[in-house]
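Since the structure comes first, as structure tokens, the remarks are kept for the end.
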Amino acid sequence: MKALIPKQHGAWAMLLIPFLLGMVKGGPVIWHIPLFLGWLFLYLAVYPVTLALKKKQSKPYQKWMCYYGFPTCCFLMISVFHKPPLIWVGVSLLPLFLIHMYFARRKNERALLNDVAGVLFFCSGGFASCWLGMGTLDGWAWFIFLQSALFFIGSSFYVKSVIRERKNRAFAYWSWGYHLLLPFLSALFGAGWAFLAFIPSSLRAWFFHGRDWPVKTIGILEIVNACFFLAVMCLFITR
């Protein structure tokens, strides 16, 4: 039986990088294991739900909802049992999940608003991870959430502008404008010299637009860019 696993590489980066940043800043603890496993299985569980809504038939995907949903509940319950306030992170994710379900039902899950909702959903993993490691909620959890959100919203803009919206000049201008502001927004939210983590994102949005590259090449470059972002942010938050 072939596992039903999402194939979006960008989503995997959004799943991992904010969580890792939160763990690096907060300090790794044993409770990060169930939290990460719960986070991972939650991501996997959303995929069959999305397909069921998109194709308007749930039966082919019910077993995968159970396979992924059961461990999701178990691992996240362990995390919440250890730190009950984490339940509020889950509550805050509900509107974002409903936005995703709405666009999946309309077979328009590539809409920019849905992308932004997805980015905020994933970046909350860094918020929870930092909170869990530090033991208290402080500005660093918000910092990791905001910086990760800025980065991955930019990635969504860029990828959409060179693939699905490559012939949409207006969308290109929106992407260029966002990436022009991106380093300044990062600094505004407290990044200091770590705004440098966003420079490659801005440069590739301006100079790589219009290149007739295969999707695989674009994906590889995005992974490299995400690794650079992770490295710079790790240096900044551990200084």
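Think of each number as a place in line: the chain as shown, counted from 1.
The backbone N, Cα and C atoms fix where each Cβ goes, glycine too.
These come from Swiss-Prot:
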type	residues	note
TRANSMEM	4-24	transmembrane segment
TRANSMEM	29-49	transmembrane segment
TRANSMEM	61-81	transmembrane segment
TRANSMEM	84-104	transmembrane segment
TRANSMEM	116-136	transmembrane segment
TRANSMEM	139-159	transmembrane segment
TRANSMEM	180-200	transmembrane segment
TRANSMEM	218-238	transmembrane segment
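For the transmembrane segment (180-200), the list of distant contacts is 139, 143, 146-147, 150-151, 154, 225, 228-229, 232-233, 235-236: same-chain residues at least six beyond its ends, Cβ to Cβ under 8 Å. Tertiary neighbourhood of the transmembrane segment (218-238): same-chain residues 9-10, 13, 17, 20-21, 24-25, 140, 143-144, 147, 151, 155, 158-159, 162-163, 191-194, 196-198, 200-201, 204, 208, selected by CB-CB distance under 8 Å and a gap of 6+ residues from either end. Scored by C-beta pairs under 8 angstroms, the transmembrane segment (61-81) has its highest count with 29-49, from the stretches 29-49, 116-136, 139-159. Taking Cβ pairs closer than 8 Å, the transmembrane segment (4-24) reaches residues 32, 36, 39-40, 43-44, 47-48, 51, 61, 64, 118-119, 122-133, 141, 144-145, 147-148, 152, 155-156, 159, 219, 222-223, 226, 229-230, 233-234, 237-238 in its own chain, all 6 or more past its ends.
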